[in-house]
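J.: For reference, TrEMBL lists these features for the protein:
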type: COMPBIAS; residues: B:248-270; note: compositional bias 'Basic and acidic residues'
type: DOMAIN; residues: B:60-189; note: domain 'TFIID subunit TAF5 NTD2'
type: REGION; residues: B:243-306; note: region 'Disordered'
type: REPEAT; residues: B:347-380; note: repeat 'WD'
type: REPEAT; residues: B:413-445; note: repeat 'WD'
type: REPEAT; residues: B:455-496; note: repeat 'WD'
type: REPEAT; residues: B:497-538; note: repeat 'WD'
type: REPEAT; residues: B:539-580; note: repeat 'WD'
type: REPEAT; residues: B:581-622; note: repeat 'WD'
C-alpha cells in the first residue's frame, strides 16, 4: 500500500529505542512516513531550484528540514556521492561505508590543497548575433552546406533574414594560437610543451577555422624540411592530433595533407644525420596513413586505391632506394592484411630476388646498404607473416593433432637446419641489428624445441634461445651505440613475445586444406620464399602438419 | 420486486449514511404498517427508483466499483468520435483524481494506490507534477492537511464543452447507470456548455490547470482595470524631445564617439578583440539606420495613456540623468535583423556553490550569491584595467579592491547566515540588495563595501528581491507565501501581498512602478497593485513552478518562464497568454527584454541563451484579433554555452546583452 514497507518502520522504531511497536501500528505509520518523506522532498526540490541547480544535494534536504523546523541530519554534507555497500547475506540491504578515522592519521596528514578561489572569466558569447568560434564557446555545428541553409531558412517563412556568408576572418586569439603551435612544431626545444600542444590540438573545439592554415603549414614545412628529422616527426604528430580532434572536419583538406604524409613515408631521405631514426618516423607515418584510410576511405573511395598505387609503384621501382621500399612496405602493411595479400605477396617473389644480392654479405660490402636491406627484409617478412597468421587464425581451434604428426614434421625441419644455421651465422657476421637476428632466431628456437619434442613449451623457448646469438653479436656491433642496440633489442623482444603469443594459437591443418586451399598455397609459397623464417607466424599445429 | 427487500435497502442505506434516527423512524413506520401496502412512498412501485436505491446500497463499500466504472468511462471516452474525443478526455482527469481521493478518503489505501498506478499514465503528460504531489496522499488526514488536495476537494473544475459532447457524456452515463461517475462529475465538474463545434485541442490551456477555488475569483479579479502605460515625463520622452533637436550628423558623431567609449570599456575587459569591436561599430550604424525606419513605423501606433506614479519616486540627480540619456541616445536598435552582442561572464571554481548571479545595469558590476552565505562582487572594469595596466605600463590608482590579502579581485560581503538566494543592483549600481535563507534582506553599499541595513520581516527564506526601476523601493518574496514592498529607509515592509497558494518564487516590477508581478510554485503569476496591495491579475497557464519574470519596456506585456522550460507571453490588460514559447528543455532561470522591447532573451539550465522575436508577436496579436490564429513568436537564435547554465541576463541601456553563469562540470 505504501512504498515504505512496515519492516522499515519497525527498524526505525528499534533504532530510536521503541521495541514493542505493534505491527498494526507500523502498518498505520508507513503511509504517513511516505507522505512526510515526499513533503520533505518537495521542499528540498524548491531549495534546489532556488540554488539554480538541477541535481538534488544533501544540503537541499537539510534546507528543507530547516524549513519544517526539523533538525537537519548531520554528516551528509560532503560533496562526494555516497558509496553504498551491500550487506552480506541480504539482497536489498545497503549501508554507507563509515570508515573509522584515526585522529593521528588526520593530524599527521598533510594539509589538502586549498580550493581555487572563485573567479569570473569574460568572453563573447555572440557578436551581432553570430557566435565566434573561440574555445570558450561550445563547438558549433561546423560549416553547414550553404544550400541546406537556404532551404532551412525558407521554411521559416518570409520574415527570416538571409545573411550572406561571413567573410572568413580569423580572430586574434586563433592567430596567436596558430603561431604558437607552429613555433612549437618548428623549435623542438621543448618536447613537454609540444606534447601539451598536441593534446590541445586533439581536443579543443573552435579550431576548425585554423585547419586550412595548418594543412598549408604542414605541406610547406614538409617540402622544405626533409632534412630535419625532428621537424618532420613533429609535423606528423600534428597531423595525427588534427585527425584525432572530434570537432574538426578534415576531409576537405585531405588532398592537401596526403602528399606530405606520403612523403614522410616513402621519401628517399628523411633527416640528415645518421642517428636519426627515420625507420621510426616511417612506421609512425604508416600508421597515420592507415588511420586516414580507415576513417575517410568510405568517403573518398579513390583514396586507398590511389595510395596503394603510389606505394606499390615505389616498391617495384628497383631504381628507388631501399628506404623508400621500406616505407612502401610499412605503408601497405598498415593498410591491412587484404592489401598485403593482394599487393605485397603477389610481388614478393620478384622483389626478394631483387633484394637477394643486397642481403648477401659477400656481395654487398657497404654496411649501411646491407643494414637497410635487412631492415626491408624484416619489414617484408613481418608483413607477410602477419598476413598469413591472420589467414590461419580464423580457423576454429580443434583438438591438437597426434604426436606422430609432430614427429613427421620434425624430420623435415632437421633437414633444413644446416642451411638455416648458415644464414644466421652470415647475418651475425654482417653485424646486422638485433631485429633481424631475432627474426632468424625465431626459427632456430622452433627447431630446437621441436628437437626436444615439447610442443606446449614453444612460448618460452625462443626467448631463451635468443640469448646465445645475442651475445655473439654484441661485441662485434661496436660501431653502433650501445643505447640504440639496447632499445632495438627491447623492441625485438616485444615483437618476439607478440609472435610467441601468435604461436600458441591453435587451429587445425585439415581445415586449411579443406576450407581454404588458398591460404595453404600462400603458406607454401611463403615458405619457399622465406624458408623457415615464416614459421613463427604460423600456429604451431598447422605448421607441423604443413611440414 | 420484493418491497421488504427494498425497505431493507433503504434502512441500510440510511444507517450507513448515519441517519440513524430516520432509519429508526422508517423501521417503526414499517412495523406499524406491517403487512399493509399503504405505503405513501412510491418507491416500491417505481422500478427505476428501486434499481437506483439498490445500487446505492451496494456500491458504497465496494472500492472495486471505482475502478470498474472509471475504466469503463475511460474506454468509452477513448473510443468516442475523434472530433469530440479531446473534450471528453478532458473530463477524465478530474474524474480520475476525485476517484482517487474518494478512495483515499474512505480509507481504501491499497485500492487507491492500485487505481492510481493503473491509470496515471493517461495523465502524466500534462499533469505530471500534480500527480507527483497527489501520489503521496495516503490517508484521509493527508487530504485534510495538504492544501492542494483540499482546494481540489472544495472547488469545482470548470470545463468548457460543446453541446454535443455534453449530450454524449450524459447519454453514456445514464445508459450505463454508472451513478458513481455521475455523482463525481456532478459534484466536482462545472460544465460550461457552448453551442457549435468543439474547439481544437491545442487551445485548451486553461483546461489543463486545475486551480482549485480561485478560477472564478481569478476571472473576477481579471476584470479589474489596470493602467499599464508608462509614467508621464519618462526619460524616453525626454530623449524624444532632445533627440529630435539633434541633427543627424551630430547624432552620427555622438555614436562614433560613444562607440569608442563603449569600445574602450570592452577593450579593458576583453583584450584582443579590437578587430571585432570595430566591425561592431560599423554594424551599429547600419543597425541604427534600419532601426530609425522601424521607429517611424512604430510611432504611428498610438502610445498607451501615460500614468502618474502612485509612489513618491526618488529624485534623480542630473548627472545620472545625463548619463542615462546619453546611453539611451546611443542605444543600438535591435530587431530580428539586428542582433545584439552577448558578453558572457563565466564563474569558475564555484564548487557548486553559486546560487544566484546579478549584473548591474551598465554591466560593469557582477554579484554572485553563494550557498556559504557570502556575496562576492566583481568590478569588471577594474579587472580589465589591472590587466591592461600592465600592458600600457601605467600602474595608476589600482587601489585596494583586493582587500587585505591583495590577491582577491572581488569584494567579499559577509553578513548573511544562510544561503544567499538572490541579489539585485540598484539602477545606478551603488547598492546591492541580497536575500537569504536566514529570512533577512540586506542592503550593501558598493562604494563602502559594507552592510548598511538588515531588513527583517519574512518568516521563511526569502527567495527573491528586486529593486524598483527607479531605485529606493524594492520588492521581496518568500517561502511564507507573501511578497512584500519595502523602501530603503524603513526596516518594516510597506505592503504585504498575500494570496498565493504556495511559495512566491520570483518578483518583478512593472516599468511604471505601480505594479509588481509575482510568480509562484502554485503555477500562477499574479499582478499586484503596489498602492493598494490588491491582486489585480492572475495569470493561469503554467504547468510548473514559475521561476523567472520579465516586463516589456512598454509595460504592456509580461514574460514568465517555468521549471519545464516553457516561456509564456502575457498581455497584462486581458490576462491572457499570447503564446507559449517552447524551446528550452530545462528550467528558465532568467528572462530579459531588450531596451526597446523587440527582443526577449532567456537563459536556461540547459546551457543556452535564446533570443526570441517578440515584435512579431505584438503585431500578430492585432492580426489575430482580425483573422484568427496567425502564428506567432519565434525563436531567433540559440547560443549554446560550454556547459554553463545561464543564471542571469541583463540588457544594458545600450542594448549589449550580458549573461552570467557558473561553469559546471558536465556529468561524466
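Each Cβ is built from the backbone N, Cα and C atoms, and glycine gets one as well.
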J.: Between B:413-445, B:455-496, B:539-580, B:581-622, who has the most Cβ pairs under 8 Å to the repeat 'WD' (B:347-380)?
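T.: Out of the listed stretches, B:413-445 contacts the repeat 'WD' (B:347-380) most.
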J.: Go ahead and report the DSSP secondary structure tallies for the repeat 'WD' (B:413-445): helix first, then strand, then coil.
T.: 0 helix, 19 strand, 14 coil
J.: Any residues 6+ beyond the ends of the repeat 'WD' (B:497-538) with a Cβ under 8 Å from its own?
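T.: For the repeat 'WD' (B:497-538), the list is 147-148, 151, 209, 211-212, 214, 217-218, 221-222, 224, 226-231, 307, 309-311, 313, 463-470, 473, 475-479, 481-485, 544-555, 558, 560, 562, 570, 572, 575.
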J.: If you run through the repeat 'WD' (B:497-538) with DSSP, how many residues end up as helix, strand and coil?
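T.: With helix first, then strand, then coil, the repeat 'WD' (B:497-538) has 0 helix, 24 strand, 18 coil.
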J.: What mean pLDDT does the predicted model reach across the repeat 'WD' (B:497-538)?
T.: 91
J.: Just give the helix, strand and coil counts over the repeat 'WD' (B:455-496), going by DSSP.
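T.: Per-class counts: 0 helix, 22 strand, 20 coil.
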